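Annotation source TrEMBL lists domain 'Manganese/iron superoxide dismutase N-terminal' at 25-106. Marked as Mn(2+) binding site by TrEMBL: His50, His98, Asp206, His210. Annotation source TrEMBL lists domain 'Manganese/iron superoxide dismutase C-terminal' at 116-175, 184-238.
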Amino acid sequence: MALRTLIARNPLRAAAPAASRGLQTFSLPDLSYDYGELEPAISAEIMQLHHQKHHQTYITNYNKALEQLDAAAAKGDASTVVKLQSAIKFNGGGHVNHSIFWKNLAPVRAGGGEPPHGSLHKAIDSNFGSFEALIQKMNAEGAAVQGSGWVWLGLDKEFKRLVVETTGNQASVVVLILHSTPSVSLSSQDPLVTKGASLVPLLGIDVWEHAYYLQYKNVRPDYLKNIWNVINWKYASEVFDKESA
């Protein structure tokens with residue numbers, strides 16, 4: 001039986017209420033392709049672990065932190081409310097980032113790796129000189145991220161231009177496994193919007209080790225080189241057209 005999810009749904013949709021107070025929680029988004037369909041760029045083993053384990057952990061801990069926040073707010077426990085903010089930002093950011101990442105990928109049979117066309121292609125040429133120059137810039141900046149993080153192609157709606165940004169390697173209080181209280185880690189899952197309120201993510205590449213290490217070991221540049229073979233530019237173009245209209 002193929003390792004694939006069966007029902008397409010909004011990756012950020014809320015699940016059923018988790019408590020009598022009507023608190024809404026979040027669920028793991030399904031993929032539109034099998035785990036093995038991104039090979040050889042990304043192995044089936046990595047995809048399954050990344051989706052079922054890593055992303056699910058962010059969601060589980062995000063929901064847990066939201067439930068704790070709801071309880072603390074109901075009791076007027078301001079100290080706990082403040083303490084939970086970093087865990088909510090980290091795990092919620094992990095959920096947001098990965099939900100975008102899955103849509104940024106597509107099997108070759110579904111157009112993965114095909115360069116963008118139309119308005120996004122023109123904007124890339126205008127802002128970076130060429131499509132090849134953009135890839136070189138994102139690869140260089142992604143490889144240069146110290147520790148864990150993301151490299152993004154974004155639309156700056158205020159200045160009507162494309163930008164390349166990185167997020168990560170920032171001290172945060174995070175929850176990586178289920179604990180009653182958060183633990184400290186020197187890594188971040190900040191969404192692109194944390195770099196600027198007018199930034200809209202078109203394409204994000206995960207450069208945390210869990211995204212590539214089983215296959216590429218410590219050679220992140222090889223991962224960055226090969227992932228372009230399964231990048232879903234159709235999705236990036238759709239977002240660009242919608243947000244730049």
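Cβ from N, Cα, C; glycine included.
Whatever TrEMBL says is automated annotation, not expert-curated.
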An 8 Å radius from the center of the His50, His98, Asp206, His210 Cβ atoms defines the neighbourhood of the Mn(2+) site; name the other residues of that chain inside it, in order. His51, His54, His55, Phe101, Trp208, Ala211
Across the domain 'Manganese/iron superoxide dismutase N-terminal' (25-106), what is the average pLDDT of the model, as a whole number? 97
Let's check the environment of His50 (Mn(2+) binding site): how many other CB atoms sit within 10 Å of its CB? 22
Would you count the other CB atoms within 10 A of the CB of His210 (Mn(2+) binding site), including those on all shown protein chains? 14
Compile a sequence-ordered list of residues in the same chain as His98 (Mn(2+) binding site), six or more apart from it, whose Cβ lies below 8 A from its Cβ; state 'none' when nothing qualifies. His50, His51, His54, His55, Tyr58, Asp206
